[in-house]
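Straight from Swiss-Prot, the features:
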BINDING   GLY14, ALA15, GLY16, HIS17, ALA18, GLY19, VAL126, SER181, GLN370  FAD binding site
BINDING   273-287  NAD(+) binding site
Amino acid sequence: MAEYGKDYEVIVVGAGHAGCEAALASARMGCNTLLLNLHLDAVAQMSCNPAIGGLAKGHLVREIDALGGEMARVIDATGIQFRTLNTKKGPAVRATRAQADRRAYQFHMKQVVENQPALDLKQGSVSRLILQGDKVSGVETTDGLRFFGQTVVLTTGTFMRGLIHVGLQHFPGGRAGEPPSLGLSDHLAELGLRVGRLKTGTPARLDGNTIDYDRLVPQHGDVPPKPFSADTEKITSPQVPCFITATNAHTHDIIRQGLDRSPLYQGVIEGVGPRYCPSIEDKIMRFPDKDSHHVFLEPEGLGTREVYPNGVSTSLPPDVQLAFLRTIPGLEHVEIMRPGYAIEYDFVDPIQLKPSLETKKIRNLFLAGQINGTSGYEEAAAQGLMAGINAVHALRDCPPVVLGRDQAYIGVMIDDLVTCGTSEPYRMFTSRAEYRLLLREDNADQRLTPLGHQVGLVSDERWQRFTRKMDKIVEGRDFLEKRRLSSSDKEAIGRLGLEDLKNGLSLVQILRRPDINIEDLVFCDDRLADIPENVREQLQIEIKYEGYIARQYEMVERFRRSEQIAIPSDMDYSPIEGLSIEVREKLQKVRPQNLGQAARIPGVTPAAVAILSVLLRRN
């Protein structure tokens, strides 16, 4: 083994979405950082769909941005369609989704990484960790190099013992055309970490020149497109439509006939697949009464003919893929440019992590992304950002940054992982959050930018813009409370459909009415037009939903009280009377840090929590 002549403070293994955020956070916080990837042409690669955001995922992207992460800025620079989803529903579940130019996104993120001071990007495959006692001190690569670092972040994606399946053929790979990472997961298991097996998949890529777009329904983006990042003034990339079609009974018949050559249905694949992003084979078999499934045709970029058919992920043989695709309207003469495939890979049971994403067994070793059992670029990037921040805090002996369930979707996700673990690829949903009315996209900066500035990831310039926005919210609320309409404002009363106002009403009182929005009030007083649109939107939400918001804050206060009751890390649960054997085993396995976390462990009953509460308060 040859030692590399330079020591690092933070080493990040894997330059996908988690690894890029972890390495950038570490370097921007002033630490000498190394980012290693199997292949430098695959930095920030979008392995599956060419899109960022979506339901709950858009919230994660806004939170990453509010903390000072990079993903939002890169998609704003390279996005080719932006849409707000759930516009007819409440503000808690509205979300932004952007189609990406896949190559442009990858190239842009790599440029950001390469231009970041204190960050070295190198090619290499890590096979082992270097340990000093119970503490990590570096990594070894398959080509015989040893890199030393005070903290290590593993963000290996789907590469650990990756195995690709196309029909009944299978071969090692971490992604199509790229080798897997061999040796590392076996090494982690040797060190005592529990390693499991998961599966995911991707559809074929289609030749756009062989698609009959006249038979498809176009789906256009918002005009004007709304950026993800607070740093982006406006989207400047050309915008393009997606197209919608659907499978039919003939499609489903061909798929059923091909199941004897499906690795999924012939017992070849052992890993558990994603429940909420099933393959088209799974959809047909799990929902036999459904005679059609939507297919969204998404362009892979402005400079390519490749099209991503969202909704038909598959590992069937290429000839079956082509046959079923050609039964779909608009795809009768389609050609496949790359076949779809399934991939199995190793992951580490996230119950073995602290809320900081540091492993409980090995000090200064952090895990983020799909290695923790999650799926999705956004989930990975969010974990990478937090792991990067906490890796720096660990080597500086600072307390870890742990976001609460009431503070961020990132906090909900990490708490779910380290408290409950996962046996299938974990995906973020708004329904996973108890306090989702407090965790909206529009107030992500309000919730997290102060923390981002505190840890050193939000610039002073951006902090000043944020404080100016907060001042405008206060001023806007004050104006709406003081400005009143009276019976003399006959034109305004008539246009708003109000009855004669004897005692007058403030604009806040009027805005609380369900049929009136803040734009309706602009003609009442043109000073409202001077308030920025994003501030007006936030004022409207906070005023219209303030009763519900107040109730959620009351719930949060009760929740926080239980979170403040700490549980010693070395607590022995075996002698505690009243706890069942099952509860003791679960508490011993998870080792919750506080009473609130203990209460969220599946199988830990309210009675058991009450016993723990009495014991902890007594001691």
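From the backbone N, Cα and C atoms, a Cβ is placed for every residue, glycine too.
Owing to the predicted nature of the structure, the values given are computational and were not obtained by experimental measurement.
Features as recorded by Swiss-Prot, highlighted on the structure.
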residue	record	Cβ contacts under 8 Å, 6 or more apart
GLY14	FAD binding site	LEU36, ASN37, LEU38, LEU154, THR155, THR156, GLY157, PHE159, GLY369
GLY16	FAD binding site	ALA44, GLN45, SER47, THR155, GLY157, GLY369, ALA380
ALA18	FAD binding site	THR155, GLY157, ALA368, GLY369, GLN370, ALA380, ALA381, GLN383, GLY384, ALA387
VAL126	FAD binding site	VAL13, LEU36, VAL139, GLU140, THR141, THR142, SER181, LEU184
CYS277	NAD(+) binding site	THR200, SER313, SER375, PRO425, ARG427
SER279	NAD(+) binding site	GLY201, LEU264, GLY273, SER313, THR314, SER315, ALA342
GLU281	NAD(+) binding site	ILE255, LEU259, SER262, LEU264, TYR265, THR314, SER315, LEU316
MET285	NAD(+) binding site	ARG256, LEU259, TYR265
PHE287	NAD(+) binding site	none
Three-state secondary structure, VAL126 (FAD binding site) (per DSSP): strand
Per DSSP, three-state class assigned to LYS283 (NAD(+) binding site): helix
Fewest-neighbour residue among binding-site residues, criterion Cβ within 10 Å, set ARG275, LYS283: ARG275
Site with most surrounding Cβ atoms, counting all protein chains shown within 10 Å, from the binding-site residues GLY273, GLN370: GLN370
Cα-Cα distance maximum in Å, computed over every pair in GLY14, ALA15, GLY16, HIS17, ALA18, GLY19, VAL126, SER181, GLN370 that the record assigns to FAD: 18
